[in-house]
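Below is one structure, written out as structure tokens, with a few remarks after it.
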Amino acid sequence: MLPEYLQFNPYIRTGYRHGLTFKGCLVSLLYVNNESVNVWSHLIGAGLFIYFFFHNICKAQVFPSITKTTDYYFILFYTICVIACMLCSVNFHLFNCISPRASAHFLKLDLCGIGCAILGCYICGLHLTFECFQNWRLRYETMIIGVIIIAVIYYIHGVKRYITQNNHVALFIVISLSGFIPSLHWYYLEGGWSNPFIRHFFPKILILYGILTIGVFAYLTKFPERLFPGYFDILFSSHQIWHFATLAAFIWWYHNSIELMHYRLINPCDTQFE
């Protein structure tokens, strides 16, 4: 019988691992189970962002001018945060079947990784978009750092086991989606749709939140396995959709951050409104 601590999705019926050793969990990378896609999606994601990180370092050797802007270092910080998130997620989904205690500990690690990625995304995004409005940038950065720290502390001390409710990540989801508030404020400060800068980049932010909304919807509703229990045990389950959506959002934001950095190199704040 499946242990209670693994019964967090009643619509996933087969493909479970439980009672494995650390070595047994590593071996499970080589065969198909209902965590395979969750593990490999973020393992590949971690590898991709490690590539992005070193690609940017190598690029800086060829084009040293980009290192003269702080934007470059904030993008590196963002890639490190995403790498940490991906690896924490991999550890949870790979080793959560060892025991209830191990599951709780690795869940805390996973939640810390989520907080780290949200922090990196926010700090990088705020730095790039509010570069011409430094007072507002500092206020938003202070707020998000404080909220993330509180959320991480709450989850580290509050998580006892992986229960069926969605409240373990609900706060992080709210924090992520609430980022639309500074986005609207930035839209207003930059002069709205009449500004070509806004017309080019604001739709990209809408696409980012569209991708995240798909993932959040799947995660909270457990769609599609809720409609067809047992049919999505191995592929296309809601949590896998959540994983792919978050990875897609991270990649999308990375590429747009690079574009924003190059825009600021050509259009620094002291000349933007002349």
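Cβ coordinates come from backbone N, Cα and C, glycine included.
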Legend entry - Per TrEMBL, member of HIS55, HIS93, HIS105 binding Zn(2+) alongside HIS239, HIS243: HIS93
Legend entry - Shell of the Zn(2+) site beyond HIS93, HIS239, HIS243, same chain only (C-beta within 8 angstroms of their C-beta centre): GLU35, VAL37, ASN38, VAL39, SER41, HIS42, SER89, GLN240, TRP242
Legend entry - Within-chain partners of the transmembrane segment (140-157) [C-beta distance under 8 Å, separation at least 6 from its ends]: 108, 111-112, 115, 118-119, 122-123, 126-127, 130, 168, 171-172, 175, 182
Inset, instruction - Quick one: find which recorded stretch in 39-58, 106-128, 169-189 has the most Cβ pairs under 8 Å with the transmembrane segment (70-94). - result: 106-128
Legend entry - Remote residues contacting the transmembrane segment (232-254) - C-beta distance under 8 A, at least 6 residues beyond either end: 9, 11-15, 32-34, 36-38, 41-42, 45, 48-49, 52, 75, 78-79, 82, 85-86, 89, 117, 121, 124-125, 204, 207-208, 211-212, 214-216, 218-219, 221-226
Inset, instruction - Please indicate, using numbers and ranges, the residues of the same chain that are 6 or more beyond the transmembrane segment (39-58) and have a C-beta under 8 Å from a C-beta there. - result: 29, 72, 75-76, 79-80, 82-83, 85-87, 89-90, 93-94, 240, 243-244, 247, 250-251, 254
